[in-house]
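*Asks:* Have a look at this one.
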Amino acid sequence: MGFADLLNEVGGFGRFQLIHVTLLSIPGLLMASQNLLNNFTAGMPGHHCTIPNRTSIASSHNFSLSEVDDSNISAIRPTNFTDFETEMCLDGWTYDKTEFLSTIVSEWDLVCTLRPLKQMSQTIYMGGVLSGAIIFGGLSDRFGRKALLIWSYFQLATLGTCTAFSPSYVTYCVLRFMTGMAVSGVILNAVSLKVEWIPTKTRTLVGTLSSFFFTFGQMVLAGIAYSLRDWRKLQIAVCAPFFIFFLYSWWYSESARWLVLNRRSDEALKHLHRVAKINGKPEKIEKITLEVLESHMHKEIQSSKGTYTAYDLIRTVVMRRISLCLMIVWFSTSFAYYGLAMDLQKFGVNIYLMQIIFGMVDFPAKLMALGSLTFLGRRVTQGTCLLMSAVMIFANIFVPTDMQSVRTTLACLGKGFTSASFTCVYLFTGELYPTVIRQTGMGFVSTMARIGSMAAPAVLILDEVMPALPSIVYGGAAVVAGIIAFFLPETLNIPLPDTIGDVEEKWTKKKPNAEKQCEKEMEAFQKNEGVHEDDGKTIGLKVL
């Protein structure tokens, strides 16, 4: 008997879970906008040197306006540049406003020698996402999923909106970094709140369907960007709605699992009673008491008394294998995904249309992943998606550059498989790590994803060495991760583990080792709290 049984008693996947998951998933419509925003806010419009008028030439060369004629202009600004070295545009830049009315490129002239700053802004944003994964992951295990999620909504809404009023490139990058941190907080805590309130049998379906919000959000981004075409207005449009999410997030229920494991069983009981009432099971309120709740999670409560750190992710055999494998899978998935998704202008197709196509391809890919997750399991799905994405990336190497439609098709298929891999790895990771350290684990491995997303744009520089080299690197990483994924334990239809002992017991080949792990956790509890036996019951005595 465990917490999963209590969830089934209060209605399984009922009205509460439906509302809860929907409200947690709606912000996903704009999470894609945050990660892919640079395609539009930092779009590179057509540009050329500003052609000076007669007045500016006269003033800069001490001529009277009447002395400036075509011969003078030709002498001052030669039209034959074959014998001259390239020089900076002396009168600034003129930008084509057909595709973009305004971007940070045209705002701060990020062209020529300043061109690398365009990609640098995305790398800085991903650095914020990386920092957020490290910081918010640990804080969530300490202070709860709901509190950190509410704060993340507020931080994203406030700083994201303020970004639109940035007076300089440096200010813009600082605010984007802070926004990226909030994005990690939203993603990590939303995933955990979903998983920890969903019965075992419906996790796959709910996890996959909720990911469609992110997929549809990619097309929403294209529509918003096309209608506004101004980076400041676009920034406000995709960040201000998070104020609404912040206001209604107070309705969420904190994870009852987390509350019980943090010695707040009375609060967990109130949430369970609330769920029973919303699900139309009021008769269960009297039956589920504090004693019933704690008896269902007795082992988990005893094992959770110790303090857990990131070291516990690699301290035991199974946890170490899970963490190392997930690090590689997360890195390669993000590395390949952003390598394909963050340079839409290279395909030679309208960037807004390309964004819609890249979003649409995710629907069949994730439906395929749903079927595979349900019938073949997590491990096979994860490995296959990564290997298939590698096949598409490698295939593009052999397609001539003039066959743009074929190259675009293969890129879309590759992006679809990496997107399906993302869907799987979020669900898979939440099921592999135990409740006592789930958020720390999620933050730890997703840190590798952020490193991958930061490295992806930098790899594009390798095309100056050899055009096919970036694809070789992206595809090679996906192959390695696809093979590594098959070394992870299968979690299909297996209840969520709550302690490290649960993980070792479920997936170790040597059962005695798992039992020893449980004993170690009990010994740690006894050492920290002090226990003695009284009439067959274990009583904790606080050490003064």
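The count begins at 1 with the first shown residue.
Any Cβ shown, glycine's included, is placed from N, Cα and C.
Relevant sequence annotations retrieved from TrEMBL are reproduced here:
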type: DOMAIN; residues: 55-493; note: domain 'Major facilitator superfamily (MFS) profile'
type: TRANSMEM; residues: 123-140; note: transmembrane segment
type: TRANSMEM; residues: 147-168; note: transmembrane segment
type: TRANSMEM; residues: 174-193; note: transmembrane segment
type: TRANSMEM; residues: 205-228; note: transmembrane segment
type: TRANSMEM; residues: 234-253; note: transmembrane segment
type: TRANSMEM; residues: 322-340; note: transmembrane segment
type: TRANSMEM; residues: 352-376; note: transmembrane segment
type: TRANSMEM; residues: 383-400; note: transmembrane segment
type: TRANSMEM; residues: 406-429; note: transmembrane segment
type: TRANSMEM; residues: 441-462; note: transmembrane segment
type: TRANSMEM; residues: 468-488; note: transmembrane segment
*Asks:* Within this structure, do the transmembrane segment (441-462) and the transmembrane segment (383-400) have 3 or more Cβ pairs under 8 angstroms, counting pairs 6 or more apart in sequence?
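*Replies:* Not in contact, no.
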*Asks:* Examine the transmembrane segment (468-488) against the transmembrane segment (147-168) and state whether at least 3 Cβ pairs sit under 8 A, considering only residue pairs 6 or more apart.
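*Replies:* Contact criterion not met.
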*Asks:* Can you work out which residues elsewhere in the same chain, 6+ from the ends of the transmembrane segment (174-193), have a Cβ less than 8 Å from its Cβ atoms?
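*Replies:* Residues packing against the transmembrane segment (174-193) from afar: 20, 24-25, 27-28, 31, 34-35, 121, 124-133, 135-137, 140, 145-146, 148-149, 151-153, 155-156, 159-160, 162-163, 166, 239, 252, 255, 426, 430, 438-439, 442-443, 446, 450.
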*Asks:* Are the transmembrane segment (123-140) and the transmembrane segment (352-376) close enough that 3 or more Cβ pairs fall under 8 Å, when only pairs 6 or more apart in sequence count?
*Replies:* no
*Asks:* Would you say the transmembrane segment (234-253) and the transmembrane segment (123-140) are in contact under the rule of three or more C-beta pairs closer than 8 Å, pairs 6 or more apart in sequence?
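*Replies:* Contact between the transmembrane segment (123-140) and the transmembrane segment (234-253): absent.
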*Asks:* State the mean pLDDT for the domain 'Major facilitator superfamily (MFS) profile' (55-493).
*Replies:* 81
*Asks:* Under a criterion of three or more Cβ pairs within a distance under 8 Å and sequence separation of at least 6, are the transmembrane segment (234-253) and the transmembrane segment (205-228) in contact?
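*Replies:* Answer yes, regions in contact.
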